[in-house]
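Participant: Sharing a structure, written as structure tokens. Questions coming.
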Amino acid sequence: MDPMSRPNASSLQKTPGVKTEKEKTPVDKKKEKKTSSEIEREQEKERAEKKIEDQRRENKEQQARDLPRFKVGEGENEITTSKDTYELISCLGQGSFGCVFSCVRQSDKKSFAIKCESVHARKPMLPHEANVLLALNLLKSPHFVEMIDNGQIAGRFQFVVIRLVGQNLWDVRVEMKEKRFTLATSLMIGIQTLAGLRDLHRKEQSRKDDIESWWYMLTEFIVFDIPWKKIRGTDRDGVRAAKWRLRGDGAYMKMLFHKCCYQQMHTILLYLDSLQYGNIPDYDFIYHQVTAAASVHKAELEAAPDWDQKAKRYGGPEYKERVAYIVKELE
Ligand SMILES: Nc1ncnc2c1ncn2[C@@H]1O[C@H](COP(=O)(O)OP(=O)(O)OP(=O)(O)O)[C@@H](O)[C@H]1O
């Protein structure tokens, strides 16, 4: 034996946390002894998981290849429909299912946004979104962008051309000082998004659920340091559990809104919990709770929003009460 390879005292030293043969109990030994069918099952599971993962990756790569291969000044930077040609200018963002570009309509040089989705998307969303936009455009809702054109590049992607708007609220908020909105702006956003949901809910069934999501959005704006902020992302169950705690734990809810708006936000949540899935929520009641919160805390809803301090006052659409709830019109 080569003396260099002979085991020495140090190589036989026990690894911390690992039991020696002598220390192992019968249960430990049983655990170690996997039957061949158990090993096979495990290997099969691993192979199946890898296959799913590979398919997912391939599908994503395929989708990326389908979308416009855009590069400023070169690449694919024009999309033509039967109505017009749109020159792509820049990439505005990527959603969960495609990408959005700013573009210029060639006939009149007006700017728009163009939203594209691969025809290989696993759960196509754009056709549904286009239908919803069309219906909302018929209703002339000021809370949704106008869709002016749509089409498809065969085998590659489908697209809608919509009005170009400003940055999304998330990005606007991140750019704010302290990354948060003032109470007045938060409540004003609450009112506008509530009115938007009310318009949207003239096609839709999930009204209660949507208003509940709206409530959590507004809570994040008002409270800022929400308990589920740190667990956002992958841990959906953690977020759900933290949100549900608000329902059963009165003290927790009070603590969350200890600075302001407890009364009104609590009333809205109790009201939402009293609704059934198919009920049409009383949007005006919720609106009155938000305006009550503004008045109690002296938040001026007519003031210029945080992102537009040059404006003298808020210039967006106003919440209209007692709007007739026309469900039939779109059916
Ligand atoms: N009409 C538009 N005008 C200007 N920017 C837009 C417009 N539509 C979308 N964007 C930008 O593109 C980004 C992606 O939009 P998209 O609608 O695909 O996804 P999202 O609404 O952010 O998320 P999700 O994929 O969950 O719906 C938006 O966050 C926004 O910054």
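The count begins at 1 with the first shown residue.
Note: Cβ is positioned from N, Cα and C throughout, glycine not excepted.
Just lifted these from TrEMBL, have a look:
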| type | residues | note |
| --- | --- | --- |
| REGION | 1-76 | region 'Disordered' |
| COMPBIAS | 19-74 | compositional bias 'Basic and acidic residues' |
| DOMAIN | 86-331 | domain 'Protein kinase' |
| BINDING | Lys115 | ATP binding site |
Participant: For the compositional bias 'Basic and acidic residues' (19-74), what does DSSP give as the number of helix, strand and coil residues?
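Facilitator: Residue counts in helix, strand and coil order: 38 helix, 3 strand, 15 coil.
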Participant: Through the lens of DSSP with three states only, how would you label the residue listed as 'ATP binding site'?
Facilitator: strand
Participant: Among all protein chains shown, how many Cβ atoms are found within 10 Å of the Cβ of Lys115 (ATP binding site), not counting that one?
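Facilitator: Excluding its own Cβ, Lys115 (ATP binding site) sees 26 Cβ atoms within 10 Å.
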